[in-house]
Amino acid sequence: PEDTTASRLRLAGLSFLLQILTIILFAVFVRYSPESGSGPCSQQLNCSWKNRDLGFQHPRFRHVHLQDLLGFGLLVAFLGRYGPGSVAISILVVAFAIQWAVLIQGFLYFFLNGKIYVGSQSMVSADFCTAAVLISTGALLGRVNPVQMLLLTLLGVTLFSINEYILLSLMGVSDSGGCLTVHTFGAYFGLMVSRILHQPHMDKRKEQQDTGHQPDVFTVLGTIYLWIFWPSFASATTVRNNAEPWAVLNTYFSLAASTLAAFVLSPVLYEESTLRMVQIQDATLAGAAVMGMAGEMLVTPFGALIAGFLAGLIPPLGFRFLTPVLRSRLKTQDTCGIHNVHGLPGILGALLGTLLTALATADAYGGRLELVFPLVAQGSRTATDQALCQLCALPVTLLLASLGGCLTG
């Protein structure tokens, strides 16, 4: 009893301290962005990836936010033992991550004359960051307490923002849907933390894999929310100048094909006659992850279907063959299977994006080239140089995620 009282008080104390800290930092630094001009991205601010026409950002923001809370929040409810508690922890993570991300990203992107100027863009950026942290927590559910989750969020948000800044601002990488910054970084960061926190006796306790049937209702809802809102998530930072939203179309096609892929493989690999909702959910997420970078590029509709289908094959194969090896050989416990659902599809998506970048021509993209690859359009880079940058972004992300995960763990 004393132990539970102590841990309850620790949670209350840490939540109080962190909230007071963010209130003070907000009071000192954060201001509304000036209404005039192109939002907070005036010329002086370092917003290389965000100085686009984000005039009507609010519906997008709402969709991204719903995605974080409902999509990711309900996805973790399928764990029989930890379901309801996991949803509560997810909401705790979201509530703190948004505040902290506004500050950290504000210092990197929206900082001018000693103040951070926040607008709807800052909110979308903060939600992207929150999504990456929620992905990381998927590897650790049931093995860390809420206090540790808050500390994970504190460090995860900081490292995510640094990685994103290096990729998008310093390297000029095009990654609008967060293929590398959100999916790949979140997955490998979470896996490394999980590896460091390995507890041998947990292997014997298989109940953590126990998936009750009652929480499947939550998983159904979570999956439906993913289907509804992911295309908006994928295109939240992309072009809007009356251009057809390629990111939305490509993501829809990819989601459809990846879901079919689950029905292709799961009956072959597993003996159950009906598919569990969790398997459909995993395939859906993989299909979304693979379009993170390539979504706004010229994938072509049939290319989006192929990519989605290939991504959808990864989770069933991964859970069947790869996860047991990771658990026994590398001692990595991965409660929600984020490696199969976000990590590997994220890497596949980065490779696909690199290939499409190398093939990009001004003829094929027209006026859109300036929006997707601004440096290529200005002539300061060739398409090949840009493709090399996109490719180098993958090892940079993996390195930062792994080192950051070790440190955090």
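Just so it is clear, glycine is given a Cβ too, placed from its N, Cα and C backbone atoms.
Under the heading domain 'Ammonium transporter AmtB-like', TrEMBL lists 70-408. According to TrEMBL, the transmembrane segment annotation covers 12-30, 64-82, 88-112, 124-141, 147-168, 217-239, 251-270, 302-322.
Take the transmembrane segment (147-168) and the stretches 88-112, 124-141, 217-239, 251-270: counting Cβ pairs under 8 Å, 88-112 has the most. Away from its own ends, the transmembrane segment (88-112) comes close to residues 15, 18-19, 22, 25-26, 29-30, 33, 40, 42, 44-47, 50, 68-69, 72-73, 76, 118, 121-123, 125-127, 129-130, 133-134, 137, 141, 146, 149-150, 153-154, 156-158, 160-162, 164-165, 169 of its chain (Cβ-Cβ under 8 Å, at least six residues beyond either end). Residues 50, 54, 57, 60-61, 64-65, 67-68, 72-73, 75-76, 79, 82, 86, 89-90, 93-94, 97-98, 101-102, 104-105, 109, 149, 152-153, 156-157, 160-161, 164, 178, 181-183, 185-187, 189-191, 193-194, 197, 233, 236-237, 332-339, 342, 405 of the same chain sit 6 or more residues outside the transmembrane segment (124-141) yet have a Cβ under 8 Å from a Cβ within it. Within the chain carrying the transmembrane segment (251-270), a Cβ under 8 angstroms from the stretch's Cβ atoms is held by residues 177, 226-227, 230-231, 234-235, 279-280, 282-284, 286-288, 290-291, 295, 301, 304-313, 315-317, 320, all 6 or more beyond its ends. Restricting the average to the domain 'Ammonium transporter AmtB-like' (70-408) gives a pLDDT of 82.
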